[in-house]
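Reading through the structure tokens given below for one structure.
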Amino acid sequence: MAKSSLKAKQKKHAKFSTRAYTRCELCGRVHAVLRKYKICRICFRELAHQGKIPGMKKASW
């Protein structure tokens, strides 16, 4: 898990655009963050299973 200091650091505006990085707003994870929802794949999956993301349902084909 990310430290609270890293979460606070990420909220500040980066001086250069290349220094900016995405971080999950719920758990602080850096990898596999969905930009549209601003959460990581793990949190996204949990919220989708709980039905907290409108219009999202498990794919079946």
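Placement of Cβ uses the backbone N, Cα and C atoms for every residue, glycine included.
Quick look at what Swiss-Prot lists:
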BINDING   CYS24, CYS27, CYS40, CYS43  Zn(2+) binding site
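According to DSSP, CYS40 (Zn(2+) binding site) sits within a strand segment. The Zn(2+) site is set by CYS24, CYS27, CYS40, CYS43; from the centre of their CB atoms, other residues of the chain with a CB within 8 Å are GLU25, LEU26, GLY28, ARG29, VAL33, ILE39, ARG41, ILE42, PHE44.
The DSSP secondary structure for CYS27 (Zn(2+) binding site) is coil. Within 10 Å of the Cβ of CYS43 (Zn(2+) binding site) there are 19 other Cβ atoms, across all protein chains. Packing around CYS40 (Zn(2+) binding site) is summarised by its Cβ count: 22 other Cβ atoms lie within 10 angstroms of its Cβ, all protein chains included. Counting other Cβ atoms within 10 Å of each Cβ, the binding-site residues CYS24, CYS27 show the lowest value at CYS27.
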